[in-house]
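Copied over from Swiss-Prot, here are the features:
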- ASP21, PHE22, ASN23, ARG37, HIS60, LEU61, GLY62, ARG63, ARG119, ARG152: substrate binding site (BINDING)
- LYS202, GLU324, GLY350, GLY351, ASP352, SER353: ATP binding site (BINDING)
Amino acid sequence: MNKKSIRDVEVKGKKVFVRVDFNVPLNENREITDDTRIRAALPTLQYLREQGAKLIVASHLGRPKGQFNEKYSLKPVAKRLAELLGIEVKMAPDVVGPEVEKMAGELRPGEVLLLENVRFYPEEEKNDPEFARKLARLAEIFVSDAFGAAHRAHASTAGIASYLPAVAGFLMEKEINFLSRALNNPERPFVAIIGGAKVSDKIGVIENLLGKVDVLLIGGGMANTFLKAMGYETGKSLVEEDKVNLAGELMNKAKEVGVKLLLPSDVVVAPRIEAGVPSKIVAVDSIPAEEMALDIGEKTAKHFREEILKAKTVVWNGPMGVFEVEPFDRGTVAVAEAVAESGALSVVGGGDSVAAVEKAGVADKITHISTGGGASLEFLEGKKLPGVEVLNDK
């Protein structure tokens, strides 16, 4: 990575503004149901504390629409962060202003102050320069560790970097390193697995990957649109009619550039999406008119597995079927197992693919699980991420 990281700056005794992604799920009692994102930031926070920095930590949570809303307060996060760090975490009553500046000014080395939800201010998402300056006033160095928000040009992810030295935290560094290694310098064969419901969400990714990969495996609801483009009848399956021509063009482009593009040869069909509904596996040329394709079939899973096992680099984004309803999760789990077994450099992104890897119990065998859904998608599209661009070059 050609951007400076926290290793490249002296932080001892300095106030450091750390933008993290603590956008965690809460239940109706406002208890955190999954603290993965908080844990992901711990190495950066621990390192900065050990180096004697004074930490001012900032994050968004949910979509409070630019106003204070207790429902989106970071108080439950402060409590969990304190448990994980094993220290007291001071909770600021606000994001900016004299009281917060006073609390930041009183911090001692190794202490942590968590600001309230940055999205309580409409200026955050507008990347308002005056608001960014107020955030910058709290500290002397800006550390970005929120890869999950790096595709957003907001005040706390990008704007603040105009006023302070800006460097990457360990999580941000790791994300950039693995994603760019896979995309820009892959060991071959390079296999990409793209799934999810809609082609429209993944057009940019497919177009960018066609110039880089050796094999492209397509599953999930989006595969139906490609099958339709090949002239197959898809019954009641989800198809984006307005994208059928585009799917055809992408298949032609793959041929032109010598990429092996594989679609399902068989699918699991059912009359509707619900657990326990009778389902069966059929070839893609025999999808019943009254049923819908909801997962890749066993032959496809086996075929995809063979391609994945040959790979030296694998990038996977999006499930192979309606993963959240059994038995339509089998194709996705089979792919997860193959990726884990391949021994390839593997990068998995997107909520559902990450959940699949965890469900299959193989998370520890994946080289890198990306914490940023939208950000990793834009990275795969070849876009520049504002939250990365603003960091100081080495």
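Heads up, the Cβ atoms here are built off N, Cα and C, so glycines get one too.
Here GLY350 (ATP binding site) is positioned 15 angstrom away from ASP21 (substrate binding site), judged by their C-alpha atoms. Residue pair GLY62 (substrate binding site) / GLY350 (ATP binding site) shows a Cα separation of 17 Å. Counting only same-chain residues six or more apart in sequence, the Cβ atoms lying under 8 angstroms from the Cβ of SER353 (ATP binding site) belong to GLY195, TRP316, ASN317, GLY318, PRO319, THR332, ALA336. Distance noted between the C-alpha atoms of GLY350 (ATP binding site) and HIS60 (substrate binding site) is 19 Å. Here the candidates are the binding-site residues LYS202, GLU324, ASP352, and by Cα distance the one nearest HIS60 (substrate binding site) turns out to be ASP352.
In this structure, the binding-site residues GLY62, GLY350 were compared by how many other Cβ atoms lie within 10 Å of their Cβ, and the smallest count belongs to GLY62.
The Cα atom of ARG119 (substrate binding site) lies nearest to that of ASP352, taking the binding-site residues LYS202, GLU324, ASP352 as the candidates. LYS202 (ATP binding site) falls within a helix when secondary structure is assigned with DSSP.
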